[in-house]
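Asks: Below is one structure. I have some questions about it.
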Amino acid sequence: MVGLGVFARKFFGSAHERRLKVLRKKAEQINVLEEQFQKLSDTQLCKKTDEFRKRLVEGETVDLLLPEAFATVREAAKRVYDMRPFDVQLIGGMVLHDCGIAEMRTGEGKTLMATLPIYLNALEGKGVHVVTVNDYLANRDAETMGKIFGFLGLTTGVILHDLDSDARRAAYACDITYATNNELGFDYLRDNMAFDRSQMVQRGHHYAIVDEVDSILIDEARTPLIISGPLEDRTDFYNLIDTFIPALTPEDYEIDEKQKTTTFTEVGTEKIEKMLEQAGHLKGESLYDIENVAIVHHINNALKAHKLFVRDKDYIVRNGEIVIIDEFTGRMMPGRRYSEGLHQALEAKEHVAIQPENQTLASITFQNYFRMYRKLSGMTGTAITEAEEFSNIYGLDVIEVPTNLPIQRRDEDDEIYRTAEEKYRAIVRDIRQAHEKRQPILVGTTSIEKSEQLAERLRKEGITNFRVLNARYHEQEAYIIAQAGVPGAVTIATNMAGRGTDIQLGGNIEMRIRQELQDMPEGLERTAKIEEIKKDVKQLKEKALAAGGLYVIATERHESRRIDNQLRGRSGRQGDPGRSKFFLSLQDDLMRIFGSNRMDGMLQKLGLKENEAIIHPWINKAIEKAQKKVEARNFEIRKNLLKYDDVMNDQRKVIFEQRMEIMNAEDLTEMILEMRNEVVEDLVETYIPSGTYCEKWDITALQEELHQLFNLELPIETWAKEDGIAEEQILERISNAVTKLENERIERFSPEVMAYFHKAVLLETIDTLWREHLVHLDHLRSVVGFRGYAQRDPLNEYKTESFELFQAMLRNLRRIVTSKLMRFEIIQQPIEPRIPEQTDVGDPILNDQNKKNSSTLWTPSQENKFVNPKDRNPSDSTTWGKVGRNERCPCGSEKKYKHCHGAFV
């Protein structure tokens, strides 16, 4: 059978080859249209957009429009930028349109390629999201590619970190929106915490193209997006615990670098117990008594912070704050914080201000966020090694798009040394040799610390003309990358994965124009200078080519082969020559943690001397085996995370859909009535179980519950003494009494007031209980793994118990909402004749009547002066001034003020 399979592949081609053959035929159809579209005027070409939209309305599909739409974009790109998408870019665009992942080598024009499917799918008017890894790339691509879309009559928006809600809403309303994965995810979570539909910014999830798709959907898949709020301040306790760790010795704890965990030994536990006892914080006799659970958590975090997390590798200290470094891209991630007290432990370790711990308010993983899109696709330079994961988790096929020109880069064999010192001596020697012939060099390191150590070595060797690109200097990233291809340039970079910028030999013309001519106005002089820059870059490129092209030197193998391939792929863009080489040592993290312990002995037996390298197929296979082992482990972690998050995701969908229904509903009376009836039925069933005798009824408890929930005093004891009374009759009487009380409240407060309160109480209660539920799920997730020791499947246990917690939350929701709506009171504040002082009371706060003060709804006070209606902001009541009771409400509801916002004043 194997022989037949091999024969079939040779005869018919692989599935990948057959797919490319079909796509090439489609590309030919587009090429046939090129001459026809060249003859169109700019106006005629622009009108194609309206023509395509009309045809879609009449029933045509985007698939049928593809050849003409792609031909339109190709012609627009030629006219706007004098850039013509190659056939391979047409193929890549079709892969993206068909919900696939296009693997294209660095420098092959992914950004321009993406304009083809973006335009085609934007014609439907449902929004296209283009996802990038950072704000710089989102802004750059929106600005440059937006000119092509603008030429064709489409609107382009960009979401940046510091935009307010109105600007975000406007950007999402555009035909095409560029944004980072983080901003998209957080906007989705914030939308599902909004009080009103008008506060939401996104408009759905129709089609997304993810740039650097492997970085976002693979590398970052393990990290959930979390919106959190502060808990109590425990600064002193964190500082105290932090003082314990330096007193420990290596025999007091164990570190598993492979699993990234730390544990105390028996000796270490005894030491910690003594220190806690002296500080007066040990409860009970043992550290592991139930009363000390929180303390154990803090101590484990402190140990992890000191022994597992390395400054300038995992994080940096910047402006008195701990800033996390992305392990895959080497970029800083400002605003991101480790959860569960780990970030506070790092702050205590580095003696910076400790921020309060946070409580999760809402969370989602990128895996579940991006699976919400009706159409999803991606592009990257390296995806084949992760093809199985893309297919299993996202249902995306990876297609390797051919290069426009053959690759001329020479990938040399790895050089393996016994020690890191020998390795770095060899790297410096190689850099010197290449630098002397003016070959541009890119050196890839795995951490800030190692990049700066290498920089210091180069200085000592007299090589000073180099640049360092790491998280410390990320603001200069674009410029450093742009100049990395200049002859004689030496660039030391931390993790080139996901940089999104290719290195052009001779330098980047656009960057030089921006840098050198930023203050020069348009005119003949500027045009002449631009021509000079172009000529200079051309000459520099010729020199770089003569020196052998870009030389990529890697100082370590990464855990993932894909990251190594990304670094290699920086050389040899668009058919340019180049070379790459990896320098390794047995002291590298990958070799030390995952490699074979016998490798060092084997090298010694082979007679390896100091400063000698070994190049052997057996060594290369061992390295690849170690990398595959790590990749498999990380894949399992991500799959496992998804299984657990899928459980929460099902519950999240229910809650978010319920919130959306409440926000959109004009009348929630039926929902409230249904909740109230279920609460009454549950109460009666609990204290007067069906089919039981009166002697078994707990009348006292039922009366207490009715008083607590509804503020009702009913003669249930008297009813229970009636001859032949049944639980159904008592249920009916209680229901009638509750309905009567509710009707009285409606008469007192008007339907508008009740509608507002129904919505406010429902949303506020759902949000509060959902936050608490997330905490419960976090706790359950952290301990459920131990069920495996009892021969029970942790995942099944998690599913069962999380469902029970969810059902309990829904029951609690019904009780709390019913109780609040049956007990609230409004205190009307009389308007004094004098102009009151301005008071910023904030958002409405609903207090429970059982508290010291009676229940009160507060709203921002209105300043007692008249304001021109044109100057009033409908969404900001503080700008309305004095509003007449019979005027139309400034909010835009078309109701009279006294029946709308004026009802609360």
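Quick reminder: no glycine exception, Cβ is built from N, Cα and C everywhere.
Got these off Swiss-Prot a minute ago, pasting:
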| type | residues | note |
| --- | --- | --- |
| BINDING | Gln89, Gly107, Glu108, Gly109, Lys110, Thr111, Asp502 | ATP binding site |
| BINDING | Cys889, Cys891, Cys900, His901 | Zn(2+) binding site |
| COMPBIAS | 852-865 | compositional bias 'Polar residues' |
| REGION | 837-885 | region 'Disordered' |
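Walk me through where these features lie, including what they touch and how far apart they are.
Replies: Note: Glu108 (ATP binding site) has non-local neighbours Val88, Gln89, Gly92, Val401, Thr403, Asn404, Arg573, Gln574, i.e. same-chain residues 6+ apart with C-beta under 8 A of its own C-beta.
The DSSP secondary structure for Cys889 (Zn(2+) binding site) is coil.
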Asks: Beyond the listed site residues Gln89, Gly107, Glu108, Gly109, Lys110, Thr111, Asp502, identify every same-chain residue whose Cβ lies within 8 Å of the center of their Cβ atoms for the ATP site.
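Replies: So the additional residues around the site are Met104, Thr106, Leu112, Met113.
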Asks: Measuring Cα to Cα, how many angstrom lie between Thr111 (ATP binding site) and Cys889 (Zn(2+) binding site)?
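Replies: Cα to Cα, Thr111 (ATP binding site) and Cys889 (Zn(2+) binding site) are separated by 48 Å.
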Asks: Would you kindly give the Cα-Cα distance separating Cys889 (Zn(2+) binding site) and Asp502 (ATP binding site), rounded to the nearest Å?
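Replies: So the alpha carbons of Asp502 (ATP binding site) and Cys889 (Zn(2+) binding site) sit roughly 56 Å from each other.
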Asks: For Gly107 (ATP binding site), write down the residues of its own chain that are at least 6 apart in sequence and whose Cβ falls under 8 Å from its Cβ; none is a fine answer.
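Replies: Same-chain residues close to Gly107 (ATP binding site) (Cβ under 8 Å, separated by 6 or more) are Asp502, Gln504, Arg573, Gln574, Asp576.
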Asks: Where the record says Gln89, Gly107, Glu108, Gly109, Lys110, Thr111, Asp502 bind ATP, what is the longest distance in Å from one Cα to another among those residues?
Replies: 16
Asks: Return the residue, from the listed binding-site residues Gln89, Thr111, with the maximum count of other C-beta atoms within 10 angstroms of its C-beta.
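Replies: Highest number of other Cβ atoms within 10 Å: Gln89.
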Asks: Could you round the CA separation between Gly109 (ATP binding site) and Cys889 (Zn(2+) binding site) to a whole angstrom and send it over?
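Replies: Pair distance, Cα basis, whole Å: 54 Å.
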Asks: Which chain-mates of Lys110 (ATP binding site) that are at least 6 residues away have a CB under 8 A from its CB, listed by sequence?
Replies: Gly92, Ala102, Met104, Asp211, Met379, Thr380, Gly381
